[in-house]
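> Sharing a structure, written as structure tokens. Questions coming.
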Amino acid sequence: MASQSSVAVISSAAARGESFPDSKKPIGSVRFQQPLRLSFSYCKSGNMSSRICAMAKPNDAETLSSSVDMSLSPRVQSLKPSKTMVITDLAATLVQSGVPVIRLAAGEPDFDTPKVVAEAGINAIREGFTRYTLNAGITELREAICRKLKEENGLSYAPDQILVSNGAKQSLLQAVLAVCSPGDEVIIPAPYWVSYTEQARLADATPVVIPTKISNNFLLDPKDLESKLTEKSRLLILCSPSNPTGSVYPKSLLEEIARIIAKHPRLLVLSDEIYEHIIYAPATHTSFASLPDMYERTLTVNGFSKAFAMTGWRLGYLAGPKHIVAACSKLQGQVSSGASSIAQKAGVAALGLGKAGGETVAEMVKAYRERRDFLVKSLGDIKGVKISEPQGAFYLFIDFSAYYGSEAEGFGLINDSSSLALYFLDKFQVAMVPGDAFGDDSCIRISYATSLDVLQAAVEKIRKALEPLRATVSV
């Protein structure tokens, strides 16, 4: 069964303290290419439940003929699978097989797309607006994006400085590919969104990861940044509000970072602002391009998925210097062409809801804040758990490392974020993403883009899961 092979991939890695291995077995919608070479110590010891264990030997039907060279390129083989996708798909397959799972892994709003936005897409279909558009995006949408950037962010762009893409992820990748050369360094504060490091590798660049501290709200220390910059430094990726931590960079800190960047002529900034509207007062959002002398150095990426609950519409955009945007457009023309005509019409309607999404988005943010407050208080009361209160987005990045080294009866040793996440999933049916996927193995990410009732049930399960572990560690 899919659910069996899915969890087996994770369980074997956790048992050995390794990242998820390659596999020819399917994990939901994800399929890896190398045969499983696993030691199923958890399964053999009887610690794992029967639904979790799967055979390590690939099916004969999946074995390729040795007479045909079906090898993959080194570029693809160097990439790591997204653990967010692995956990999300795994939880879904378990649910489909009849196992109830509380799913807190996916970074997807639980709200419906606003009705007026959905109607705009439906009307586009009814009116026959279903053909190719300009590669860069329809003029109406790019003009609306320019107005948004001017009114909300204080940034002046012309439509030819905007590139609409099939989601912000595509915008980010194209920006990295457009400005990075082999051997360049991409500076990435950790914890980071899972795709940043892999996108750098796709450009034959070297990701340079700078750890941050929970005691500093996971914010980049300017001194640490300065110590890592070299002549090879080409791109700094910043995400505020942050996925996975929810941290928001105050303007004063961004100004410090900008002063350091100004000393390095080759260094550009890729500012991921996809969670811009999901922010909790008194925190405020500052676009990096609005800082002194940073306009020409900054590539701003944003989109519609998070704020407007439009994840399935696949619509994002890049704003930046004209020649870089043109280069990204050239890439897009060879990769996907323009974004969906229907989604673009919906995007125009979304930007017409008012500043920061108007009352519609404000109601969503109000609900997210209520959920955040509940989780911070409820989980913060658990002994040994450390939390930095998020100021934006809809994630908690929780430090559970005090429980590493514990022994769980009927499970085994818990020595890292992967084994702890597996323990939560296998024994208590709560799906969360291990922190090592984001470059910080001390934590686990919880998405609170779900109902308060579900979160209350999750907290009770997490409490029960941690209770028996306390006896085996000094918490």
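For all residues, glycine too, the Cβ spot is worked out from N, Cα and C.
Among the features that Swiss-Prot reports, L-aspartate binding site is placed at G107, W193, N243, R445, with the record citing similarity to another entry. Taken from Swiss-Prot, the feature N6-(pyridoxal phosphate)lysine applies to K306, supported by similarity to another entry. The transit peptide annotation in Swiss-Prot covers 1-55.
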> Where's the emptiest Cβ shell within 10 Å among the recorded positions K306, R445?
K306
> How many other Cβ atoms sit within 10 Å of the Cβ of N243 (L-aspartate binding site)?
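By my count, 25.
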> Return the maximum Cα to Cα distance in Å (whole number) over the record's L-aspartate-binding residues: G107, W193, N243, R445.
11
> Given the binding-site residues G107, W193, N243, R445, tell me which ones have a C-alpha lying within 10 Å of the C-alpha of K306 (N6-(pyridoxal phosphate)lysine).
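G107, listed in sequence order.
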> Enumerate the residues of the same chain, G107, W193, N243, R445 excluded, that satisfy the criterion Cβ within 8 A of the mean position of the Cβ atoms of the recorded L-aspartate site; list them in sequence order.
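What remains near the Cβ centre is T84, V194, S242, P244, A393, Y395, V433, F438, S447.
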> Going along the chain, which residues six or more apart from W193 (L-aspartate binding site) have their CB under 8 A from its CB?
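Long-range Cβ contacts: C239, N243, P244, D272, F438.
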> According to DSSP, does G107 (L-aspartate binding site) sit in a helix, a strand, or coil?
coil
